[in-house]
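Enquirer: When I checked TrEMBL for this same protein, it listed these features:
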DOMAIN    16-78  domain 'Fanconi anemia complex subunit FancL WD-repeat containing'
DOMAIN    93-182  domain 'FANCL UBC-like'
DOMAIN    184-279  domain 'FANCL UBC-like'
DOMAIN    289-356  domain 'FANCL C-terminal'
Amino acid sequence: MLLYIKVFNLNICCFVQGRDFRIRIVLPPDQQLKQAKHCHFIMPPFKDVFSLFLDSLQRLQQSADLVTFILELKTVLELRLRSLPGGCSIQPPQYYSQLISEMETLGWDRLIFIDTDFRTLKLKAEDSSARQHVLTVKLASKHPAEAPECSSDLPTSLAITWTPQSTLVQLHSQFLQVLDSLTEFWDILDEIDNKTWILEPEKPSRADTMRRIAIGNNVSIKVELDPRHPKMLPDCCLLGPEHVVTPLRAKLNANMHLWNPDSSVLLNLRDVLEIEFPSSATHEKSSFNIECGICYSYHLEAAIPDQVCNDPCCGQPFHQACLYEWLRALPSSRQSFSIVFGECPYCSKPITVKMAATKS
């Protein structure tokens with residue numbers, strides 16, 4: 001194995017297995033290695049070199065002298081080159097140098113992940129309420145001439161403006177602006193999550209716009225917020241026995257004009273429905289997670305028991321799919337289009353269920 005090393009003003013050129021590695025080291029005035037400020041590859045010639053770049057500064061600072069560092073680096077390079085697949089795609093040197101330059105400007109502390117192809121990055125960002133977010137960036141092979149693919153856990157589409165002169169710094173700045181535009185939406189949902197019992201989604205993401213809020217045993221309200229106008233009256237759907245839901249629905253329709261866009265959504269819901277929502281301070285969540293009376297479980301894939309017997313003395317909940325299959329199997333049941341009419345499995349009082357929607 002041949003190794004040719006030339007050191008000139010701490011710009012190091014390593015020749016390993018017929019490949020040229022150029023490394024730049026920036027030292028302080030006292031030239032102490034452990035005080036080194038930068039150590040990076042100017043021209044990384046293969047995709048897995050990024051992990052070397054991340055390790056190089058730490059390795060340099062821990063080395064007794066520059067020769068020890070170079071010898072150790074030689075060994076690492078040779079091992080990486082031996083494990084390199086023959087048919088892998090290698091970007092031109094300017095691709096890597098451009099990306100490293102952009103990351104140095106943006107700040108390495110914002111980088112969470114980068115794959116071995118040096119193409120997919122995950123950048124972290126914080127909104128004005130200190131919530132953490134992740135921006136996934138898939139760079140084009142002709143970066144920065146072509147726009148990257150960007151995605152994040154957002155309730156709206158992520159529209160990014162990109163030109164051949166754009167950089168990751170500008171991309172990250174646009175992402176922060178999108179986060180700022182959604183801050184009020186997330187503030188409202190955080191208040192609902194913290195002050196009520198949420199039945200669905202069980203583990204909400206930042207992209208979710210719906211909350212199913214517990215009102216009482218087998219009674220809940222499903223609200224769908226508009227991310228662009230989060231303080232406006234959301235779409236509301238009351239779920240539960242008709243003898244409980246009907247009065248609440250009447251209050252919602254009668255008091256809708258009282259909705260105040262300057263107040264929080266939770267406070268408006270309390271005023272319009274004339275109720276107090278159960279919270280962790282007043283109730284245990286287990287009192288709302290009542291299992292299905294047919295399959296005896298709470299979750300059925302993504303569904304929870306939302307079909308409730310309307311008899312006030314019963315009120316047993318069921319999964320829609322469970323109740324539909326149960327009633328359809330009974331000789332006494334009858335079906336009209338997508339609705340099945342039958343008897344409650346618990347109290348034998350009349351109960352109906354719509355056919356579960358099929359997933360396309």
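Quick reminder: no glycine exception, Cβ is built from N, Cα and C everywhere.
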Enquirer: Using DSSP, tally how many residues of the domain 'FANCL C-terminal' (289-356) sit in helix, strand and coil.
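Expert: Helix (H, G, I), strand (E, B), coil: 10 helix, 19 strand, 39 coil.
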Enquirer: What does the DSSP secondary structure composition of the domain 'FANCL UBC-like' (184-279) look like, as residue counts for helix, strand and coil?
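Expert: Computed counts for the domain 'FANCL UBC-like' (184-279) are 37 helix, 21 strand, 38 coil.
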Enquirer: Mean pLDDT across the domain 'FANCL C-terminal' (289-356), rounded to an integer, is what?
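Expert: When the pLDDT values over the domain 'FANCL C-terminal' (289-356) are averaged, the result is 87.
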